[in-house]
Amino acid sequence: MEHRSPADPHLDRVVEHRSPADPHLDRVVEHRRTGDPHLDRAVEQWLSWDRNVLTRSQVEVFLSDRKWEELRSRLCSRMSFGTAGLRGPMGAGFNRVNDLTVIQTTQGLFSYLLRCCPDVSSRGVVVGFDTRGQQESGCSSSRLARLVAAVLLSRGVPVHLFSAFVPTPYVPFAVKRLGAAAGVMITASHNPKEDNGYKVYWCNGAQICAPHDQEMVRSIEEELQPWSASCWAEEEAQVHPLRTDPLPHINLCYMEELQSLCFHRDLNRASPLKFVHSSFHGVGHVFVQKAFEAFGFVPPLAVPEQRDPDPEFPSLRCPNPEEGAPALELSLLLAEREDAHIVLATDPDADRLAAAERCDGGGWKVFSGNELAALLGWWMLLHWKQAHPDPADLQKLFMISTTVSSKILQALARSEGFRFEETLPGFKWIGNRIHELSKAGNSVIFAFEESIGFLCGGSIPDKDGVSAAVVVAEMATFLHNKSLSLNQQLLNIYRTYALPV
């Protein structure tokens, strides 16, 4: 049977697809006609496929209230496959994030993986989620992740489904560590609370990019009808014999590998600096605490109002630490009260990092993404050179940034002799380039994009706010031991590499 998008102008009829196992679909759905045949077909298609009573009810209320434009907006187009996946508002509709669109997307992902990775049924897929959710549609990240698992398990694909929320970088880390065929992370990162998303990682651990993204779109559009009742069995997915929980193993491996970035454990243990951390109501608190402990630090002070996960983000206008001082207001107030020196903030899925430092004359210096990158690039190079005294090794050493980011790494490369590359904006391009360079025997020790996304070391081909946070803490401690602040060292870097200060 042919399955076509409800936005397809050539769709001249709708065949009602019903499963006898679904009590909601035992009868033909009667609804008020909209006067638009194209919209009527889209409505019938939604009501014949969706099994979430909350999102079905939303569509039925729009019908009852004659909200034709709202229905047209939600049902007559699909979400575009953008930054390595889907991202948009939660709720009913083919262009929203919800149970049905997640099932459709996962069916497309499976079909595409089957063409590209014939061994997907032995390698499996990693699935993670953050702490987002929307009560009125029942679209929590955890539920949507279980639906992803249910679809894949219905086709005999092993699923490495995390049992609890994790930072986004844990998914690509797990893909590489477990040798999985792909990874899916249910997250909308720093977007407003209304949003959620579906981020896809390829078997190399990098976010998917062309041509995989467009090929996946075609596969999704060919697999719009839910295959069976098993695709909706999200609770059963948790106890399926092909489902495993990678969290204990991956957490241990991540923290062990993180210690390769720790260069001054003795200094850290005696650090006189006090740190404040905000997780922005997201996943970061427990993971940043563990990372600090792995480096020998006393864990940072947590901003109490923002420590625990809350999908409403009640203390924030927008959960985006890139907004600077306004977004860091509660963190800075806590740091003032506790006489802390450094403020660190991870975004809700903990893949990005903001940082601020107390100024000698009072007030705070909030670092931009480009400024933090200058410090982190200098720091990573300093310790790489100490471990690799042979200048010839520099020919295999790389740092990467995007075209819209600062040229500071290029300036370091010209002076120090290592290699530098730029990619298109977005970490999907950085991650895939890291994979290519690594296959050729090169090492990428640092990469960044100006929107406070940083990658220290080469274990994850994606940005990572958890590792960046603890690396900044160690760098600040090291510099303090030399009577320098982060900002003073930033100015030293600019002077050394002939950049304007």
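A Cβ is built for glycine as well, from the same backbone N, Cα and C atoms used for every other residue.
Per TrEMBL, these features apply:
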REGION    1-25  region 'Disordered'
DOMAIN    79-224  domain 'Alpha-D-phosphohexomutase alpha/beta/alpha'
DOMAIN    254-357  domain 'Alpha-D-phosphohexomutase alpha/beta/alpha'
DOMAIN    369-485  domain 'Alpha-D-phosphohexomutase alpha/beta/alpha'
Per-residue pLDDT averaged over the domain 'Alpha-D-phosphohexomutase alpha/beta/alpha' (79-224), given as an integer: 95
DSSP helix/strand/coil residue counts for the domain 'Alpha-D-phosphohexomutase alpha/beta/alpha' (254-357): 41 helix, 16 strand, 47 coil
Secondary structure tally of the domain 'Alpha-D-phosphohexomutase alpha/beta/alpha' (369-485) (DSSP, helix then strand then coil): 64 helix, 22 strand, 31 coil
Residues of the domain 'Alpha-D-phosphohexomutase alpha/beta/alpha' (79-224) by DSSP state, where helix covers H, G and I: 55 helix, 29 strand, 62 coil
